[in-house]
Amino acid sequence: MTCRRKWIQISIIAAIMLVLPFFFPSGYYYRVGALVFVNALSVVGLVILVGYAGQISLGHAGFAGIGAYACALAPTHLGLHPAVAILLGALISAALALLIGRPILRLKGYYLGVATLGFGILVSMVLSNERALTGGPDGMSVPDLGLRSLLRDMGWRISGGEFWYGLNAVVLLIGIWIALNLYQSATGRAMRALHGSEVAAQTVGIDVPRIKLQAFVISAVYASVAGSLLALQNGFITPEVAGFMHSVEMVTMAVLGGVGSVLGATLGAAILTLLPQVLTVFAEYEQLVLGLIMVLVMIFLPRGLLPSIVAKLRGRGE
Amino acid sequence: MSILEVKGLGISFGGLRAVNDVSFAVKPGEIVSVIGPNGAGKTTLFNMISGVYMPGVGQVFLEGQDITARAPYLLARQGLTRTFQNLQIFQEMTVLENVIAGFHLTERGPIWADLLSWPSARKRAGEVRNGAYELLTRVRLEKAAEEEAGNLSYGALKRLEIARALAMSPKVLLLDEPAAGCNAVETEEIDALIAELAASGIAILLVEHDMKMVMRISNHIVVLDHGEKIAEGTPTEVSRNPDVIAAYLGSEEETAHADG
């Protein structure tokens, strides 16, 4: 992918982000948009791990949980500013990913899936059971980021929805930019190479365990930052953020959109975040529909929505 | 002075001695071929030298240094690489990207620079891109540069694999059946390419079934049968060796039976 294509992709998403609010029937949709961007951020991280490096994680919500609770706990207990708490959460997630990634990334396929699943469940159990600290399953409140009041002081009055829509959009764009940079870099190419053939990757001097670990840590940081933003924008957080269903949602979004494509992953996140909003009936059957979508995509569009559409269009063009 | 030296190498799989006490040496610019009937242990020998299998006994020396059972990526960093009998291509990457991936050791830098697309990272990428194009031209795949590697023909993929291996400027190159599945024209091309590489000073260790090719380009031949080295020498010496003839005639009779 050339540099030009990278900027075209980023411009398309930025343009959509800018134009969309003109069609919002009410201020509520800023909130929905902000949620789409947060989910897309963690899915873009997953694309790096799953799409680039070919490693599965069924426990990435664990890192989202760490990011979320860092923002809930660090300001009250350590007196840190919530913005600094985002960085702290990312740092803890990265350190933890480094620690657990070393042993579990030796595993392949299902085994890696189960090991990461175990990690996710562990985090969500700790968050549920440490009542004294986290308030248990009932969750806990998260302090305000404080940026909006800063803007107000500067004479810029915007609603909470508008603020989070804007902030998350900017963070997501940065996340996409970094993921696309990685794609066309030596490290990203090494990730995609070991995805194709580990043994061949080694013969060109690629340190396979190290590159896998880098992908794991980077994607953990994405999930952590997304978790932090989610906690801050909701002002409240429960252990569900680290739960198994959240991990499955992330993977489904990635697979639906196209796990090898950053743009596709964003699309997948948008669709699966919007569906329950559009079809309220969907909420009760969420898990059922998630499963169904997963099965259908795997059968009919194994490369995901966006890459399949692009391939179809190209095929027609030739 | 030999660059690659194999001393008493052997390995057993569950009691079966796949390779037993094999020794030989390769000098820079020399083409050494390992031949033998099917199942003689040629690929197993390759896997031990290239660090894929850990040898049960024996040692491998690269430039005088003991490299026995060292991880393949470390061997690559010391200048030893290989191609595979069953192709190992990065299927979902473009042809050009496959070769660029071969430049990993030249291109890699700090990861933060890669994540931020820092000028230094872009500079590294730009430099190896030109090198990759040159290599593709050398194996006559420059027109397919932007195609997805998975779409290429078998013979083209064989050449791509060699181009990728060359990207890391190896001192020792192990080629496992580079001409397998190629037609006569493609075989001749690969033939010429290998001779050219050796002339540029690369030590080449070759496993190949095409005897005409082996006899034509090898400086030295090592013959394996049932995991043992039964003969060694120049193509002329080896082709006159009674043990070699017996091993090959035996196997040809078996094939004739199998075909009949």
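The backbone N, Cα and C atoms fix where each Cβ goes, and this holds for glycine too.
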Of the ranges A:58-78, A:226-246, which one does TrEMBL flag as transmembrane segment?
A:58-78
Based on Cβ pairs under 8 Å, which of the stretches A:7-24, A:30-51, A:84-102, A:109-127, A:254-275 lies most in contact with the transmembrane segment (A:163-183)?
A:30-51
Using a Cβ distance cut-off of under 8 Å, indicate which of A:7-24, A:30-51, A:58-78, A:84-102, A:109-127 has the most pairs with the transmembrane segment (A:254-275).
A:30-51
Of the listed stretches A:7-24, A:30-51, A:58-78, A:84-102, which one has the most C-beta pairs under 8 A with the transmembrane segment (A:109-127)?
A:58-78
